[in-house]
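If you look up TrEMBL, you'll see 1-369 marked as domain 'Major facilitator superfamily (MFS) profile'. What TrEMBL records for 20-41, 47-67, 79-99, 105-126, 187-208, 220-243, 255-275, 281-299, 311-333, 345-369 is transmembrane segment. The annotation compositional bias 'Basic and acidic residues' is assigned in TrEMBL to 378-409. According to TrEMBL, the feature region 'Disordered' maps to 378-433.
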Amino acid sequence: MNLSPLSSILVNRFGSRPVVIFGGLLCGIGMVSAAFCTSIFQLYICAGFITGLGLALNLQPSVIIIGKYFLKRRPIANGLAMAGSPVMLCTLAPLNQFLFDTFGWRGSFFILGALLLNCCVAGALFRPIGPISERQKNKEAKGALREKTDGGIAEIGEKNIETKEDRDCCENFNKFLDLSLFKHRGFLIYLIGNVLMFLGFFAPIVFLAPYAKHRGIDEYSAAFLLSILAIVDMIARPATGLLANSKWVRPRIQYFFSFSIAFNGVCHLLCPLATSYMGLVIYSIFFGLAFGMVCAMLFETLMDLVGASRFTSAVGLVTIVECCTILLGPPIGGTLIDTFGDYKYMFIKCGAVMVLAGTFLFIMNYYNYRMLAKEEKKRMKEDGEKKDNEDARTKKGEENVKAVEKIQDVNETAPLKNDENGLKNGANLPTEP
(Lines of atoms letter the chains of each structure in order from A and count residues from 1; the text may use other names and numbers.)
(Lines give C-alpha, C1' and ligand atoms only; values in the text may rest on other atoms or scores of the structure.)
Protein backbone atom coordinates (compact mmCIF):
# COMPACT_ATOMS: atom_id res chain seq x y z
CA MET A 1 0.00 0.00 0.00
CA ASN A 2 2.96 2.33 0.54
CA LEU A 3 3.75 1.96 -3.16
CA SER A 4 0.29 3.10 -4.27
CA PRO A 5 1.51 6.54 -5.46
CA LEU A 6 4.04 4.73 -7.67
CA SER A 7 1.20 2.68 -9.12
CA SER A 8 -0.83 5.85 -9.77
CA ILE A 9 2.13 7.52 -11.51
CA LEU A 10 2.67 4.46 -13.72
CA VAL A 11 -1.02 4.26 -14.61
CA ASN A 12 -1.09 7.95 -15.56
CA ARG A 13 2.09 7.50 -17.61
CA PHE A 14 1.53 4.14 -19.33
CA GLY A 15 -2.14 3.19 -18.74
CA SER A 16 -3.77 0.36 -16.79
CA ARG A 17 -3.04 -2.54 -19.13
CA PRO A 18 0.80 -2.58 -19.09
CA VAL A 19 0.90 -1.86 -15.34
CA VAL A 20 -1.36 -4.83 -14.54
CA ILE A 21 0.61 -7.14 -16.84
CA PHE A 22 3.90 -6.06 -15.25
CA GLY A 23 2.39 -6.45 -11.76
CA GLY A 24 1.15 -9.96 -12.55
CA LEU A 25 4.60 -10.86 -13.84
CA LEU A 26 6.17 -9.62 -10.59
CA CYS A 27 3.65 -11.62 -8.53
CA GLY A 28 4.46 -14.81 -10.43
CA ILE A 29 8.22 -14.25 -10.22
CA GLY A 30 8.04 -13.48 -6.51
CA MET A 31 6.05 -16.59 -5.57
CA VAL A 32 8.02 -18.95 -7.83
CA SER A 33 11.29 -17.55 -6.49
CA ALA A 34 10.02 -18.12 -2.94
CA ALA A 35 9.86 -21.86 -3.73
CA PHE A 36 13.67 -21.89 -4.02
CA CYS A 37 14.44 -19.77 -0.93
CA THR A 38 16.70 -21.17 1.79
CA SER A 39 16.25 -18.47 4.49
CA ILE A 40 13.58 -16.28 6.04
CA PHE A 41 15.28 -13.14 4.69
CA GLN A 42 15.01 -14.49 1.14
CA LEU A 43 11.31 -15.22 1.72
CA TYR A 44 10.86 -11.62 2.88
CA ILE A 45 12.36 -10.38 -0.37
CA CYS A 46 10.58 -12.80 -2.74
CA ALA A 47 7.17 -13.48 -1.17
CA GLY A 48 7.06 -10.16 0.68
CA PHE A 49 8.61 -7.33 -1.32
CA ILE A 50 8.46 -8.58 -4.94
CA THR A 51 5.01 -10.17 -4.67
CA GLY A 52 3.71 -7.22 -2.63
CA LEU A 53 4.93 -4.79 -5.28
CA GLY A 54 3.20 -6.84 -7.95
CA LEU A 55 -0.07 -6.87 -6.00
CA ALA A 56 0.13 -3.09 -5.52
CA LEU A 57 0.52 -2.69 -9.28
CA ASN A 58 -2.55 -4.91 -9.80
CA LEU A 59 -5.01 -3.45 -7.30
CA GLN A 60 -5.15 0.20 -8.30
CA PRO A 61 -5.36 -0.18 -12.09
CA SER A 62 -8.15 -2.72 -11.58
CA VAL A 63 -10.14 -0.17 -9.57
CA ILE A 64 -9.25 2.79 -11.80
CA ILE A 65 -10.32 1.18 -15.06
CA ILE A 66 -13.86 0.65 -13.72
CA GLY A 67 -14.35 4.42 -13.72
CA LYS A 68 -13.19 4.59 -17.34
CA TYR A 69 -15.51 1.87 -18.59
CA PHE A 70 -18.63 2.57 -16.53
CA LEU A 71 -20.67 5.63 -15.68
CA LYS A 72 -24.39 4.82 -15.51
CA ARG A 73 -23.95 1.51 -13.64
CA ARG A 74 -20.60 2.24 -12.00
CA PRO A 75 -21.73 1.39 -8.41
CA ILE A 76 -22.85 -2.06 -9.57
CA ALA A 77 -19.54 -2.61 -11.35
CA ASN A 78 -17.61 -1.57 -8.24
CA GLY A 79 -19.68 -3.88 -6.05
CA LEU A 80 -19.12 -6.86 -8.35
CA ALA A 81 -15.40 -6.14 -8.69
CA MET A 82 -14.91 -5.81 -4.94
CA ALA A 83 -16.72 -9.12 -4.38
CA GLY A 84 -13.60 -10.96 -5.52
CA SER A 85 -11.88 -10.53 -2.15
CA PRO A 86 -14.40 -12.48 -0.01
CA VAL A 87 -14.63 -15.18 -2.69
CA MET A 88 -10.90 -15.81 -2.38
CA LEU A 89 -11.11 -15.52 1.41
CA CYS A 90 -13.56 -18.45 1.39
CA THR A 91 -11.63 -20.62 -1.08
CA LEU A 92 -7.94 -19.76 -0.71
CA ALA A 93 -7.49 -20.98 2.88
CA PRO A 94 -8.64 -24.58 2.21
CA LEU A 95 -6.79 -24.51 -1.14
CA ASN A 96 -3.55 -23.51 0.57
CA GLN A 97 -3.97 -26.27 3.12
CA PHE A 98 -4.59 -28.84 0.36
CA LEU A 99 -1.54 -27.70 -1.61
CA PHE A 100 0.63 -27.75 1.52
CA ASP A 101 -0.47 -31.27 2.46
CA THR A 102 -0.04 -32.56 -1.10
CA PHE A 103 3.03 -30.74 -2.51
CA GLY A 104 4.75 -29.19 0.53
CA TRP A 105 5.49 -25.52 1.03
CA ARG A 106 7.87 -25.26 -1.92
CA GLY A 107 5.40 -26.84 -4.30
CA SER A 108 2.63 -24.62 -2.91
CA PHE A 109 4.62 -21.46 -3.65
CA PHE A 110 5.37 -22.72 -7.15
CA ILE A 111 1.71 -23.47 -7.95
CA LEU A 112 0.47 -20.19 -6.44
CA GLY A 113 3.02 -18.33 -8.54
CA ALA A 114 1.69 -20.01 -11.65
CA LEU A 115 -1.85 -19.03 -10.63
CA LEU A 116 -0.82 -15.40 -10.11
CA LEU A 117 0.60 -15.25 -13.63
CA ASN A 118 -3.02 -15.28 -14.78
CA CYS A 119 -3.06 -11.62 -13.73
CA CYS A 120 -1.07 -10.99 -16.92
CA VAL A 121 -3.88 -12.57 -18.94
CA ALA A 122 -6.46 -10.48 -17.06
CA GLY A 123 -4.40 -7.34 -17.69
CA ALA A 124 -4.30 -8.07 -21.41
CA LEU A 125 -8.11 -7.74 -21.40
CA PHE A 126 -7.90 -4.16 -20.07
CA ARG A 127 -8.70 -2.58 -23.43
CA PRO A 128 -7.86 1.15 -23.42
CA ILE A 129 -10.56 3.64 -24.39
CA GLY A 130 -9.93 6.69 -26.56
CA PRO A 131 -6.59 8.35 -27.30
CA ILE A 132 -3.58 7.49 -25.16
CA SER A 133 -2.74 11.00 -24.03
CA GLU A 134 -2.52 14.67 -24.97
CA ARG A 135 1.24 14.94 -24.45
CA GLN A 136 2.06 15.59 -28.12
CA LYS A 137 -0.50 18.39 -28.33
CA ASN A 138 0.93 19.96 -25.20
CA LYS A 139 4.44 19.82 -26.65
CA GLU A 140 3.29 21.47 -29.88
CA ALA A 141 1.47 24.18 -27.93
CA LYS A 142 4.59 24.89 -25.86
CA GLY A 143 6.69 25.07 -29.03
CA ALA A 144 4.31 27.55 -30.64
CA LEU A 145 4.34 29.63 -27.48
CA ARG A 146 8.12 29.76 -27.51
CA GLU A 147 8.14 30.92 -31.14
CA LYS A 148 5.86 33.85 -30.33
CA THR A 149 8.12 35.14 -27.58
CA ASP A 150 10.37 38.09 -28.47
CA GLY A 151 13.66 39.40 -27.22
CA GLY A 152 12.02 40.98 -24.21
CA ILE A 153 12.13 37.62 -22.40
CA ALA A 154 15.92 37.85 -22.31
CA GLU A 155 15.58 40.76 -19.93
CA ILE A 156 14.03 38.57 -17.22
CA GLY A 157 16.32 37.97 -14.28
CA GLU A 158 17.85 34.64 -13.35
CA LYS A 159 15.68 34.42 -10.25
CA ASN A 160 12.49 34.60 -12.30
CA ILE A 161 13.84 31.99 -14.72
CA GLU A 162 14.58 29.58 -11.85
CA THR A 163 11.07 30.16 -10.47
CA LYS A 164 9.58 29.35 -13.85
CA GLU A 165 11.67 26.18 -14.12
CA ASP A 166 10.50 25.08 -10.66
CA ARG A 167 6.91 25.77 -11.65
CA ASP A 168 7.31 23.75 -14.85
CA CYS A 169 8.79 20.88 -12.84
CA CYS A 170 5.81 20.92 -10.45
CA GLU A 171 3.38 21.05 -13.37
CA ASN A 172 5.07 18.06 -15.00
CA PHE A 173 4.90 16.12 -11.72
CA ASN A 174 1.22 17.01 -11.28
CA LYS A 175 0.48 15.38 -14.63
CA PHE A 176 1.36 12.03 -13.06
CA LEU A 177 0.27 12.65 -9.44
CA ASP A 178 -2.13 15.52 -8.87
CA LEU A 179 -1.08 17.05 -5.54
CA SER A 180 -3.64 19.84 -5.96
CA LEU A 181 -6.18 17.36 -4.58
CA PHE A 182 -5.03 18.39 -1.11
CA LYS A 183 -6.81 21.70 -1.82
CA HIS A 184 -10.04 19.87 -2.74
CA ARG A 185 -12.54 20.18 0.12
CA GLY A 186 -14.42 16.97 -0.61
CA PHE A 187 -11.20 14.98 -0.97
CA LEU A 188 -9.90 16.20 2.40
CA ILE A 189 -13.19 15.31 4.11
CA TYR A 190 -13.07 11.81 2.61
CA LEU A 191 -9.41 11.39 3.58
CA ILE A 192 -9.88 12.43 7.23
CA GLY A 193 -12.98 10.26 7.63
CA ASN A 194 -11.25 7.20 6.16
CA VAL A 195 -8.15 7.68 8.29
CA LEU A 196 -10.38 7.54 11.38
CA MET A 197 -12.37 4.61 10.03
CA PHE A 198 -9.38 2.37 9.33
CA LEU A 199 -8.24 2.61 12.94
CA GLY A 200 -11.09 0.23 13.75
CA PHE A 201 -11.88 -1.43 10.41
CA PHE A 202 -9.64 -4.51 10.31
CA ALA A 203 -8.88 -5.22 13.96
CA PRO A 204 -12.22 -7.00 14.67
CA ILE A 205 -11.51 -9.44 11.82
CA VAL A 206 -8.09 -10.22 13.24
CA PHE A 207 -9.38 -10.85 16.77
CA LEU A 208 -12.77 -12.44 16.03
CA ALA A 209 -11.57 -16.06 16.18
CA PRO A 210 -9.36 -15.49 19.28
CA TYR A 211 -12.29 -13.77 21.00
CA ALA A 212 -14.49 -16.80 20.29
CA LYS A 213 -11.81 -19.10 21.76
CA HIS A 214 -11.60 -16.79 24.77
CA ARG A 215 -15.34 -17.42 25.25
CA GLY A 216 -14.74 -21.16 25.36
CA ILE A 217 -15.68 -22.01 21.78
CA ASP A 218 -13.65 -24.73 20.03
CA GLU A 219 -11.08 -23.86 17.38
CA TYR A 220 -12.98 -25.10 14.31
CA SER A 221 -16.24 -23.39 15.30
CA ALA A 222 -14.32 -20.16 15.92
CA ALA A 223 -12.70 -20.38 12.48
CA PHE A 224 -16.11 -20.98 10.92
CA LEU A 225 -17.18 -17.52 12.10
CA LEU A 226 -14.76 -16.02 9.57
CA SER A 227 -16.29 -18.18 6.84
CA ILE A 228 -19.76 -16.88 7.76
CA LEU A 229 -18.46 -13.32 7.67
CA ALA A 230 -16.86 -13.90 4.24
CA ILE A 231 -20.00 -15.48 2.74
CA VAL A 232 -22.21 -12.59 3.90
CA ASP A 233 -19.58 -10.11 2.73
CA MET A 234 -19.51 -11.78 -0.69
CA ILE A 235 -23.28 -11.33 -1.06
CA ALA A 236 -23.39 -7.85 0.47
CA ARG A 237 -20.92 -6.20 -1.92
CA PRO A 238 -22.81 -6.67 -5.20
CA ALA A 239 -26.13 -6.16 -3.40
CA THR A 240 -24.84 -2.83 -2.08
CA GLY A 241 -23.74 -1.91 -5.59
CA LEU A 242 -27.26 -2.52 -6.87
CA LEU A 243 -28.74 -0.45 -4.06
CA ALA A 244 -26.21 2.36 -4.51
CA ASN A 245 -27.03 2.53 -8.22
CA SER A 246 -30.72 3.20 -7.56
CA LYS A 247 -32.17 6.65 -8.22
CA TRP A 248 -32.90 7.12 -4.51
CA VAL A 249 -29.42 6.32 -3.17
CA ARG A 250 -26.94 7.38 -5.85
CA PRO A 251 -27.53 11.15 -5.50
CA ARG A 252 -27.00 10.67 -1.73
CA ILE A 253 -24.25 8.04 -1.90
CA GLN A 254 -21.96 10.01 0.44
CA TYR A 255 -24.62 9.85 3.18
CA PHE A 256 -25.16 6.15 2.52
CA PHE A 257 -21.42 5.56 2.87
CA SER A 258 -21.41 7.45 6.17
CA PHE A 259 -24.32 5.34 7.42
CA SER A 260 -22.48 2.12 6.47
CA ILE A 261 -19.42 3.13 8.49
CA ALA A 262 -21.53 4.08 11.52
CA PHE A 263 -23.52 0.82 11.20
CA ASN A 264 -20.23 -1.08 11.20
CA GLY A 265 -19.24 0.70 14.41
CA VAL A 266 -22.53 -0.09 16.11
CA CYS A 267 -22.01 -3.79 15.37
CA HIS A 268 -18.64 -3.70 17.15
CA LEU A 269 -20.06 -1.82 20.13
CA LEU A 270 -22.70 -4.53 20.56
CA CYS A 271 -20.27 -7.45 20.09
CA PRO A 272 -19.29 -7.71 23.81
CA LEU A 273 -22.94 -8.53 24.52
CA ALA A 274 -22.60 -11.73 22.46
CA THR A 275 -21.48 -14.32 25.00
CA SER A 276 -22.71 -17.51 23.27
CA TYR A 277 -21.76 -19.05 19.94
CA MET A 278 -25.14 -18.17 18.42
CA GLY A 279 -24.64 -14.56 19.48
CA LEU A 280 -21.26 -14.50 17.74
CA VAL A 281 -22.83 -16.00 14.61
CA ILE A 282 -25.39 -13.17 14.57
CA TYR A 283 -22.58 -10.65 15.09
CA SER A 284 -20.60 -12.20 12.20
CA ILE A 285 -23.63 -11.92 9.91
CA PHE A 286 -24.18 -8.24 10.66
CA PHE A 287 -20.45 -7.56 10.63
CA GLY A 288 -20.13 -9.18 7.19
CA LEU A 289 -23.08 -7.12 5.94
CA ALA A 290 -21.62 -3.84 7.22
CA PHE A 291 -18.12 -4.73 6.04
CA GLY A 292 -19.38 -5.50 2.53
CA MET A 293 -21.37 -2.27 2.38
CA VAL A 294 -18.29 -0.18 3.21
CA CYS A 295 -15.98 -2.03 0.81
CA ALA A 296 -18.45 -1.83 -2.08
CA MET A 297 -18.64 1.98 -1.84
CA LEU A 298 -15.08 2.73 -0.75
CA PHE A 299 -13.84 3.79 -4.19
CA GLU A 300 -17.21 4.76 -5.67
CA THR A 301 -17.62 7.59 -3.18
CA LEU A 302 -14.10 8.85 -3.90
CA MET A 303 -14.78 8.92 -7.62
CA ASP A 304 -18.07 10.70 -6.98
CA LEU A 305 -16.15 13.45 -5.16
CA VAL A 306 -13.12 14.01 -7.41
CA GLY A 307 -14.33 12.77 -10.80
CA ALA A 308 -12.90 10.13 -13.12
CA SER A 309 -10.13 12.37 -14.48
CA ARG A 310 -8.47 12.84 -11.06
CA PHE A 311 -9.40 9.46 -9.60
CA THR A 312 -6.08 7.81 -10.44
CA SER A 313 -4.08 10.32 -8.39
CA ALA A 314 -6.73 10.38 -5.64
CA VAL A 315 -6.49 6.61 -5.06
CA GLY A 316 -2.71 6.75 -4.74
CA LEU A 317 -2.72 9.68 -2.32
CA VAL A 318 -5.54 8.26 -0.19
CA THR A 319 -3.93 4.83 0.06
CA ILE A 320 -0.52 6.11 1.14
CA VAL A 321 -2.14 8.06 4.01
CA GLU A 322 -4.60 5.32 4.99
CA CYS A 323 -1.97 2.61 5.21
CA CYS A 324 -0.60 4.16 8.41
CA THR A 325 -3.86 3.71 10.33
CA ILE A 326 -4.47 0.31 8.72
CA LEU A 327 -1.15 -0.86 10.15
CA LEU A 328 -1.77 0.79 13.53
CA GLY A 329 -5.31 -0.52 14.11
CA PRO A 330 -4.60 -4.18 15.02
CA PRO A 331 -1.54 -3.41 17.23
CA ILE A 332 -3.55 -0.84 19.19
CA GLY A 333 -6.31 -3.39 19.63
CA GLY A 334 -3.79 -5.99 20.79
CA THR A 335 -2.33 -3.52 23.27
CA LEU A 336 -5.78 -2.91 24.77
CA ILE A 337 -6.33 -6.67 25.11
CA ASP A 338 -2.98 -7.16 26.82
CA THR A 339 -3.51 -4.17 29.10
CA PHE A 340 -7.03 -4.95 30.32
CA GLY A 341 -7.08 -8.70 29.76
CA ASP A 342 -10.43 -8.50 27.95
CA TYR A 343 -11.39 -8.34 24.29
CA LYS A 344 -14.39 -6.11 24.85
CA TYR A 345 -12.28 -2.96 25.13
CA MET A 346 -10.82 -3.63 21.69
CA PHE A 347 -14.31 -3.95 20.19
CA ILE A 348 -15.51 -0.83 22.02
CA LYS A 349 -12.52 1.14 20.73
CA CYS A 350 -13.11 0.00 17.16
CA GLY A 351 -16.83 0.68 17.36
CA ALA A 352 -16.41 4.15 18.88
CA VAL A 353 -13.84 5.17 16.27
CA MET A 354 -16.03 4.00 13.38
CA VAL A 355 -19.15 5.68 14.73
CA LEU A 356 -17.10 8.87 15.09
CA ALA A 357 -15.83 8.51 11.51
CA GLY A 358 -19.32 7.93 10.13
CA THR A 359 -20.73 10.90 12.05
CA PHE A 360 -17.87 13.12 10.88
CA LEU A 361 -18.39 12.15 7.24
CA PHE A 362 -22.15 12.68 7.46
CA ILE A 363 -21.86 16.17 8.96
CA MET A 364 -18.97 17.31 6.77
CA ASN A 365 -20.54 15.98 3.57
CA TYR A 366 -23.69 17.91 4.41
CA TYR A 367 -21.53 21.01 4.92
CA ASN A 368 -19.70 20.32 1.65
CA TYR A 369 -22.94 20.00 -0.31
CA ARG A 370 -24.24 23.25 1.21
CA MET A 371 -21.03 25.08 0.26
CA LEU A 372 -21.11 23.64 -3.26
CA ALA A 373 -24.70 24.83 -3.67
CA LYS A 374 -23.76 28.34 -2.49
CA GLU A 375 -20.72 28.43 -4.77
CA GLU A 376 -22.80 27.28 -7.73
CA LYS A 377 -25.46 29.89 -7.00
CA LYS A 378 -22.79 32.60 -6.72
CA ARG A 379 -21.17 31.46 -9.96
CA MET A 380 -24.49 31.52 -11.80
CA LYS A 381 -25.17 35.01 -10.47
CA GLU A 382 -21.75 36.22 -11.61
CA ASP A 383 -22.25 34.59 -15.01
CA GLY A 384 -25.64 36.31 -15.28
CA GLU A 385 -24.17 39.69 -14.40
CA LYS A 386 -21.32 39.13 -16.83
CA LYS A 387 -23.77 38.21 -19.57
CA ASP A 388 -25.88 41.31 -18.82
CA ASN A 389 -22.77 43.50 -19.05
CA GLU A 390 -21.78 41.86 -22.31
CA ASP A 391 -25.30 42.38 -23.66
CA ALA A 392 -25.20 46.02 -22.59
CA ARG A 393 -21.81 46.52 -24.24
CA THR A 394 -23.03 44.75 -27.36
CA LYS A 395 -26.15 46.93 -27.48
CA LYS A 396 -24.12 50.09 -26.94
CA GLY A 397 -21.69 48.99 -29.61
CA GLU A 398 -24.52 48.40 -32.04
CA GLU A 399 -25.90 51.87 -31.30
CA ASN A 400 -22.47 53.40 -31.89
CA VAL A 401 -22.13 51.53 -35.17
CA LYS A 402 -25.54 52.77 -36.29
CA ALA A 403 -24.60 56.34 -35.33
CA VAL A 404 -21.35 56.10 -37.27
CA GLU A 405 -23.15 54.65 -40.26
CA LYS A 406 -25.68 57.47 -40.08
CA ILE A 407 -22.91 60.09 -40.00
CA GLN A 408 -21.20 58.41 -42.93
CA ASP A 409 -24.47 58.42 -44.87
CA VAL A 410 -24.88 62.13 -44.18
CA ASN A 411 -21.33 62.85 -45.25
CA GLU A 412 -21.76 60.85 -48.43
CA THR A 413 -25.09 62.46 -49.40
CA ALA A 414 -24.02 66.04 -48.58
CA PRO A 415 -21.93 66.60 -51.78
CA LEU A 416 -24.76 65.25 -53.90
CA LYS A 417 -27.20 67.67 -52.33
CA ASN A 418 -24.77 70.55 -52.91
CA ASP A 419 -24.42 69.60 -56.57
CA GLU A 420 -28.19 69.45 -56.96
CA ASN A 421 -28.56 72.86 -55.36
CA GLY A 422 -25.86 74.23 -57.66
CA LEU A 423 -27.62 72.94 -60.72
CA LYS A 424 -30.89 74.45 -59.57
CA ASN A 425 -29.23 77.81 -58.93
CA GLY A 426 -27.58 77.69 -62.35
CA ALA A 427 -30.87 76.98 -63.99
CA ASN A 428 -32.48 80.00 -62.33
CA LEU A 429 -29.79 82.49 -63.44
CA PRO A 430 -30.97 84.98 -66.18
CA THR A 431 -29.55 84.47 -69.65
CA GLU A 432 -27.65 87.32 -71.47
CA PRO A 433 -29.50 89.01 -74.33
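Every residue gets a Cβ built from N, Cα and C, even glycine.
TrEMBL labels come from automatic prediction, so no person has curated them.
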- Message: Please determine whether the transmembrane segment (311-333) and the transmembrane segment (79-99) are in contact (criterion: at least three Cβ-Cβ distances under 8 Å, sequence separation 6 or more).
- Response: no
- Hey, which bits of the same chain come close to the transmembrane segment (187-208), Cβ under 8 Å, at least six residues off its ends? 181, 222, 225-226, 229, 258, 261, 264-265, 268, 271, 280, 284, 287, 291, 294, 298, 301-302, 305-306, 314, 317-318, 321-322, 324-326, 328-330, 332-334, 337, 343, 346-347, 349-354, 356-358, 360-361, 364-365, 368
- Go through 47-67, 79-99, 281-299 and flag the stretch with the largest number of C-beta pairs under 8 Å relative to the transmembrane segment (105-126). 47-67
- Sequence-remote partners of the transmembrane segment (255-275) [C-beta within less than 8 Å, at least six residues beyond its ends]: 193, 197, 200-201, 204, 211, 215, 240, 243-244, 249, 282-283, 286-287, 290-291, 293-294, 297, 301, 343-344, 347-348, 350-359, 361-362, 365-366
- Message: At a C-beta cut-off of under 8 Å, are there same-chain residues at least 6 beyond the transmembrane segment (281-299) that contact it? List them, or none.
- Response: 63, 66, 75, 78-79, 82-83, 85-86, 194, 197, 201, 204-205, 208, 225-226, 228-241, 244, 253, 256-257, 260-261, 263-264, 267-268, 270-271, 274, 315
- Query: Against which stretches of its own chain does the transmembrane segment (47-67) lie, if we need a Cβ under 8 Å and a gap of at least six residues from its ends?
  - Reply: 1, 3-4, 6-8, 10-11, 16-17, 19-20, 22-31, 33-34, 37, 74, 77-78, 81, 109, 116, 119, 123, 126, 299, 303, 308, 311-312, 315-316, 319
